[in-house]
Amino acid sequence: MKTMEIKKLLRKIDEFKIITLPAIFVVFILFVLILGFYFFNALPAIERYGIDLFITNVWKAAEEPAKEVYGLAAPIWGSIYTATIAVLIALPLSICYAIFVNDYAPKRLKYPLIVISDIMAGLPTIIYGIWGAFILVPLLRDHIMKFLYEHFSFIPLFDYPPLSGYCYLSAGILLGIMVTPFAAAIIREAYAMIPSVYKEGLVALGATRYETTKVLIKYIRPAIISGLILAFGRALGETVAVSLVIGNSFNLTYKLFAPGYTISSLIANQFGNAVLYEYMTSVLYSAGLVLFVIGLVVNIIGIYYLKRWREHVSH
């Protein structure tokens, strides 16, 4: 009798659940440890400078700890600003790509386009960074920035002289190119998942191809929002490529042609020197903590919208 009861109990146990639970636990513990690591290392700087660490724009390293003054407003702004530019560029490109691949591309061209997009999404960032520094920046400076500055400098966005071309605009455009394949993959899959009955119904009602596409784009709006939010989160964390094209200067400005900093580029450029100063290392950990929290919030929102879309499609 006992043997039969044990067998029945074993049948009810989900072996895969038992196997996967430790992995989930390990991932959760790693998440907590990383967050705790950043918080405790950032604590000395937060205790010393308080809220001013995040709302002021200053970077004065000194051998005497009492003379050290730091403020992360410019890098925080730079991260959000360049990521926003990137998303504005990725939005039309990724939607057009998804529509073309699903509705217009010949069968022989469809698969190569998907493969190329996936390859671009997986390229090392240094590849984009070198290309951006030596090709994209001179191209933008000589043919776009100078033209906009000469003819439209009365607009505040364009009234900063584009001396080197290494600026917020260059970083934003490069990031836009980098995250477009990522956003496009999500939007492409969402567009492909639209039930054929919707397309057939629209055609039966006499809708043109343009009108059909317009309606279908509205149908996948949650997936588009999700893809762009996740692309924004990815753009926030890009380091090497941005460091090579943004100019690395503490400018708290909305002027597109001004050099700037992002949190990632600040950490990459200053971490090697941080050990020479009392508080700089802790300040950089504070910057990393800010990036961690922003990225976490952005990704949670993006995943929420993606989940909503999947639930909508399943029903």
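Including glycine, each Cβ sits where the backbone N, Cα and C put it.
Residues or ranges marked as transmembrane segment by Swiss-Prot on the basis of sequence analysis: 18-38, 80-100, 119-139, 167-187, 227-247, 283-303. Look at Swiss-Prot and you will find 76-302 tagged as domain 'ABC transmembrane type-1', backed by sequence analysis.
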The transmembrane segment (18-38) and the transmembrane segment (167-187): do they have three or more Cβ pairs under 8 Å, with pairs 6 or more apart in sequence?
no
The transmembrane segment (119-139) versus listed stretches 18-38, 80-100, 227-247, 283-303: most Cβ pairs under 8 Å:
227-247
Short question: which residues 6 or more past the ends of the transmembrane segment (227-247) have a Cβ under 8 Å from it?
78-80, 82-84, 86-87, 90-91, 94, 125-126, 128-130, 132-133, 136-137, 164, 166-168, 170-171, 174-176, 178-180, 182-187, 190, 258-265, 267-269, 291, 294-295, 298-299, 301-303, 305-306
Contact set, same chain, for the transmembrane segment (80-100): CB under 8 Å, 6 or more residues outside the stretch:
113, 117, 168-169, 171-173, 175-180, 183-184, 187-188, 190-191, 213, 217, 224, 227-228, 231-232, 235-236, 242, 246, 254, 260, 262, 294
